[in-house]
Structures are given as structure tokens and as C-alpha cells.
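Over in Swiss-Prot, the protein carries these features:
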- 13-19, 41-43, Arg306, 332-334, 414-416: GTP binding site (BINDING)
- Asp14, Gly41: Mg(2+) binding site (BINDING)
- Asp14, Glu15, Gly16, Lys17, Asn39, Ala40, Gly41, His42, Thr130, Arg144, Gln225, Thr240, Arg304: IMP binding site (BINDING)
- Asp14: active site, proton acceptor (ACT_SITE)
- His42: active site, proton donor (ACT_SITE)
- Ser300, Val301, Thr302, Gly303, Arg304, Pro305, Arg306: substrate binding site (BINDING)
Amino acid sequence: MSKNVVVIGTQWGDEGKGKIVDWLAESVQGVVRFQGGHNAGHTLWINGKKTILRLIPSGIMHPGVTCFIGNGVVLSPEALLKEIEELEAAGLDVRSRLQISEICPLILPYHIAVDQAREARKGEGKIGTTGRGIGPAYEDKIARRALRVQDLFNPALFDEKLAELLDYHNFVLTQYLGAPAVSAAQVRDQAMALAPAIAPMVKDVSSNLYAMQQAGQRLLFEGAQGALLDVDHGTYPFVTSSNCLAGAASAGAGVGPQSLDYVLGITKAYTTRVGSGPFPTELVDEIGTRLATIGKEFGSVTGRPRRCGWFDGAALKRSVRLNGITGLCITKLDVLDGLESIQLGVGYRVNGEFRDVLPYGAHAVAQAEAVLEELPGWSESTVGITEYAKLPAAARRYLERVAEVCGVPIDLVSTGPDRNETIVLRHPLKG
């Protein structure tokens, strides 16, 4: 029996992590975000009602669960408070159940200005960021110049650090990117106006998570984006600016790695990608359009259409190794309903040689030709099925082949957007 579970996306994000975290949150006392910012949305459907969370952990939907934003998250005070207000308007108690690490780096207006100006300057060569300032905020963190949440409550120190930051960022904006400068007074006034609303939620998250573990309580660590977008191990440079792997939960929440008992890898039954970057199994035909239409493949935060393709087992194998995945959850199986045949990526041809795992770096991946294996499809609907034996035989064979290719068992299968539309083969927290 596992006490603490890490939920990770194994592809290029958008795998359906939010629903699964929400479902698992019924069995834990705390849910922790440990990386990313408000650039990724987790979509939940509860009794037919749609909720999109960007910063706040998906456990907020459960009254008895405490939610944490760990130090690995870059925090926009404005985006946070807007999301809190939206949830409160829907009748949820948020502020008494949300704790924010005092050492989270802040996202401020100059980060957004730099992010958007850079993308505009690159034109067709752009990375495809969301333009929300995530990357520049992480840059400040690594350069050891970031303003952090705790600085909001020390105005003199805030002003001192802000002056130095804007000397640098305004030089880049005006002299290199050809964009307007950002006003220090406006940044300061906005931040100081928001600080009192945030103050009661600011805590020593690491210590509080330690105390919960000492009391025998269970924790769920909620990853954002996906392993193939990891800044180190993803299709660099077409990646996000943080580490999206299971190991990042330790550093990004302030807990010891021995606290991570089980890693659940969330995997779509096909593959999607948003924005630029190589995609070996991409479909640019009517089947790709069908997957996008039936799967409603549009970003929950940006609204951008997602590129669609066949399931890539060799890419999943890379994710399995990087994350030490214990078990898989396959989502959106129902999107494949009605296809006469289905193809599954088992490797690549690279310079005439077969490779059974995704290469490193965007250039190498772009040179890789997917090796596909054809399996029979199924005509029956899988929507809402909650027992594995009731799935069509061809759907079961497809899932079994996925597990064979990546070498990890499938513990959960999602057959619809609602939390109850789930097949449980092995419960991550109950065995």
C-alpha cells in the first residue's frame, strides 16, 4: 500500500492529469503542486460541470483536503487571486485550505512583457510559449535575482530588488527586443495592493508537509505539463522551463525523495502536442482531424488547437525510465472508438538504424521516422465503462500491447471525463 503518490504526464502535456488527481484526492489529506505556473490548465468534470484549474491543485474540489503550492512553482499573484475568486464564486472554500510556499518566485508584469516580446521577435522560429511570463520568471530564479513571495511583505527589500531587476529587463526590452519599458512604480503598486490578500495563505510548506507525513497522512503530488516537455529531458529547445519529472516533486515541494512511494504516469491512448517541436507519430490527415474533433483537443488555458497522432510507445518508454513509473493510467480510450485499425509507435528509424526509445533533442527527434505496428480497432463504444472485462476485446488487446511496449502495467483506464468513468485494475493508494 502506497502512502504518497506522484502524478506525472508522460507525453507533451494535456494527458488528463486533472481528472485523475481529482479522483485520487478522495483518498488523501494533501495535494501539492511542485512545478510550472499558470501556463497549464487542469480540466475537471464533476457531475457534468466543467472546472479549469491553472495554479490551484485539483484537490481543492474536496472539502477535507489541504492544497499546497510548492516552491518549485512560479507564482503570478494576479492569476492566483483571480482563480481563487472564480472558485469562491462557485461556492468553494479556498483560502482556509490553500498554503503557498514563501519561497515561490513571483511572476510580475516585466516577465510577461519579455516573454511576449521574445516570441514576437522570433516569428516562425518561436518556441510556442503561452506568453504568461513563465520562462523569464524561471530565468530570474536561476540567475539568483528573483523576487519571491516573502519579499511582498518587506517593501524596502522589494523596492531594492525590483530596481535592479528592471535595470536589466528594461534594457533587454528596449535595446534588444524593441519593446516599451515597464514602469517600476506600476509593478510595485500592483504587487503591494495584492500582498494583503495573499499573506494569510503564505506558509513554510516544506515543514507543514513534513508534519503531515509524521502524522501518517497521505499526500498527492500533482505534476503539470509532461515529461517530454521537461527542460532537461524533453525535446529541447521545444520544452517548458521547469523539470516536469517525478523527481522534481522532491525539490519543488521540499520533501525528501524517500517520501515518493508510487509514480502514476498519465498517458493518452493517442498522442497530442501543442505549439512547435518535432512529433514523430503526428497525423496530418483526416484521422488526425478526427482525433482532434472527437477528443476536443484544444488547450484549456490558451484555446490553441493540439496536434494529434498515433500513440508513441517509444516516447512513453523514455518517460517510464525517467520517472520510475510504477503504473500507467490510460486516458481518452473512447476517442479511438470506431476506427477500423489503429497504429501504435514501437520505435524509430534513425539513419537506417532501429531505436526503441525517443532520442534526445529536437534535431535528433526530427530525424526519427516512426516505426508503426497496426492493430485491429473496435466498433463498440467504450464510453463510461467501469469494468475491464466489459471493454471490447480489441480495446483490451490494444491496452495490453501498450503495456508490453513500455514495460509497465496499466493500473487505471479513463473512459470519459467524469471522475466516475474510470476502470480500476490496481488502485495507486489502496493496492
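Placed from the backbone N, Cα and C atoms, the Cβ positions cover glycine too.
Features per Swiss-Prot, on structure.
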{"residue": "Gly16", "record": "GTP binding site", "Cβ within 10 Å": "19"}
{"residue": "Lys19", "record": "GTP binding site", "Cβ within 10 Å": "25"}
{"residue": "Asn39", "record": "IMP binding site", "Cβ within 10 Å": "28"}
{"residue": "Gly41", "record": "Mg(2+) binding site", "Cβ within 10 Å": "20"}
{"residue": "Thr43", "record": "GTP binding site", "Cβ within 10 Å": "20"}
{"residue": "Thr130", "record": "IMP binding site", "Cβ within 10 Å": "22"}
{"residue": "Gln225", "record": "IMP binding site", "Cβ within 10 Å": "28"}
{"residue": "Arg304", "record": "IMP binding site", "Cβ within 10 Å": "13"}
{"residue": "Leu333", "record": "GTP binding site", "Cβ within 10 Å": "23"}
{"residue": "Thr415", "record": "GTP binding site", "Cβ within 10 Å": "24"}
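With respect to Gly13 (GTP binding site), the closest of these binding-site residues in Cα terms is Gly41, chosen from Gly41, Thr130, Pro305. Among the binding-site residues Thr43, Thr130, Thr415, the residue whose Cα lies closest in space to that of Gly303 (substrate binding site) is Thr130. Rounded to a whole number, the distance between the Cα atoms of Arg304 (IMP binding site) and Leu333 (GTP binding site) is 22 Å. Distances between the Cα of Lys19 (GTP binding site) and those of the binding-site residues Asn39, Gly41, Gln225, Arg306 are shortest for Gly41. Counting only the Cα atoms, the space from Pro305 (substrate binding site) to Gly16 (GTP binding site) is about 16 angstrom. The local packing around Asp14 (Mg(2+) binding site), expressed as other Cβ atoms within 10 Å of its Cβ over all shown chains, amounts to 28. Sorted by the number of other CB atoms within 10 A, the binding-site residues Gly13, Gly303, Pro305 start with Gly303, the lowest.
Of all the binding-site residues given, namely Asp14, Gly41, Thr43, Arg306, Thr415, those whose Cα is no farther than the 10 Å limit from the Cα of Gln225 (IMP binding site) are Asp14, Gly41. Counting only the Cα atoms, the space from Thr130 (IMP binding site) to Gly41 (Mg(2+) binding site) is about 11 angstrom. Note: the CA-CA distance between Gly41 (Mg(2+) binding site) and Gly16 (GTP binding site) rounds to 10 Å. Around Arg306 (substrate binding site), taking its Cβ as the centre, 19 other Cβ atoms fall within 10 Å, counting all chains. Measuring Cα to Cα from Asp14 (Mg(2+) binding site), none of the binding-site residues Asn39, Arg304, Thr415 fall within 10 Å.
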